[in-house]
Amino acid sequence: MIVMQLQQQLLIWVIFWLNYATALTNFTWSSDSPSMVYALRAQRDVMSSATIDQLPLVGVDVGRVFINGMVIENKDEDEEDEDLLVMLESLLEAGVQALSVDVEYKDEIWVVGNSTIAFDDFLLTVRDFLDGTNTDLSANILMVMLRIQPNSSDYGSPSTFNNYTHGYNYSDISDYNKDDIGDASDIEALIYSNIGRSYIYSPEDLVDDRNKSYTSDIYGLNSVNGWPTLSHFLYQKRKRVLFTELTTEMPYNTSSLLFNKTILHLDGGNIAISCPTSNSELTELSLVAWRFIENEFTDDSVRSYVDCGYSPIIANKYNQNNITHLLNLTQSALLWSWEVGQPSTNEKKNSDTLEAYNCVSFVYTANNYSAYWKVENCYDEKKGLCEAKTDLFSYIVSENVDSYFNFDSFDGSNCPDGFDFSIPKTPLEQLAVINYLRLRNSSDTEIWIDLNSISVNNCWVTGGPYATCPYETVMSRRNFTKMITPASITSFGLLVLVTCLNLLSLPIHDNRSNWRRMINKLSRNEFDGVPA
């Protein structure tokens, strides 16, 4: 299963190239390395214990990126819309996790702003992506932010809208009033009918999670004002997408499918930010949920925003001549953890030394205060990263060096009391480690972090060297021995028995002359023919 899923995801970048090549002229694109698939999955799994409001979600403004100025030559209107939607789905498959979309009412249907793309076609594209990635191996969170044009709140007619929604049953949502058909509330009906309730995390779901103590604050404590972890969102609730309205055109209540704009913090334009340089500043920023910045970015600036704890919404204007730059921009933002080209377990092996390139180190560069993750030999001896059990954003580096296998094992840990062997789970936590090293004037260094693929190659897990891969069943040698021993003993016993029977004659055959004499004696008592 893991191999099949990997093969599908490795085609993402090639598909992206083919989709654009079909739609645009003078286009060239090289596919990304397979390590990108492993890197994004490992990064998602590391963040699984973080609450969803603290995740770095890289997004795009659909109107500015795909609609404005995009004219596909030799295509009619319908073909152009179809190509744009294919590009959008490919971008989602490449790792984009947030979409900002303008919605307006035009020609008696709801459409994506400044386009002829029907809003339900946009939603069906999102649904296709959700269906295609709805496995534990590929699933991830998606945020869709809607801007409903203010002049679009009172259009339409019941008959027109009923035809447009393809038979949507309003009785499925109790708070809809049929007399209101044609206003902005219709958008919620479209979302319900085209996405499906099972994928959507709604305000009602949040209330339920808070009532059941499934939500946490930034300290990891149960909170009625918190959000669920990514793990709970994806694997317990089995949800995939949140919808939020950035305008105020729709009525809001806890039975709605959409969150209102008060749940998030969205800045636009050239916003000057400064990265937190202390634990108190990191804590203060963490108290702001869903931190988005919508702007035109460069490769360097978009990565800077992510490293400082923000989620960028890319609003660069593209056309058919420069749209290929978008992938480079998204790649710069998506991967806040790994070095480019990592993780790689294909290091050259030396038969004279013990080598196992399945463990990850935190590589710090002092001259620019940057860091990334890199796969190293598990037998190398390094210091390790230790996180305080109670204090937020509090990290230290161990005094002792050891191999990865022995750094934190059943025999004990090299981390001091009150600290656990750990790994940065978000960009802000990574920034906290960088600040710790910077304030101590640390030189370039490499330290072990709690991430490895020892059990299954390229399945990156936390929890020390004995952690197992959640996507593939792995049997240890000890369990395998316990399972195979009874069967082996039984088989050996049967083999011995069969061998003995083949080698030893039956007792009655030991004296063949006596056997023949007995047969002759019995034959005398037999009559020939029929007795008179």
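Including glycine, each Cβ sits where the backbone N, Cα and C put it.
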Record-annotated N-linked glycosylation site (source Swiss-Prot) among candidates Asn322, Asn511: Asn322
Cβ neighbour count (within 10 Å, all chains shown) around Asn114 (N-linked glycosylation site): 14
Listed in sequence order, residues with CB under 8 A of Asn260 (N-linked glycosylation site) and six or more positions away: Thr244, Glu245, Thr248, Tyr252
Cα distance (Å, whole number) from Asn368 (N-linked glycosylation site) to Asn114 (N-linked glycosylation site): 43
Distance, Asn328 (N-linked glycosylation site) to Asn211 (N-linked glycosylation site) (CA atoms, angstrom): 42
CB contacts for Asn328 (N-linked glycosylation site) [other CB atoms within 10 A, all chains]: 9
Cα distance (Å, whole number) from Asn441 (N-linked glycosylation site) to Asn328 (N-linked glycosylation site): 33
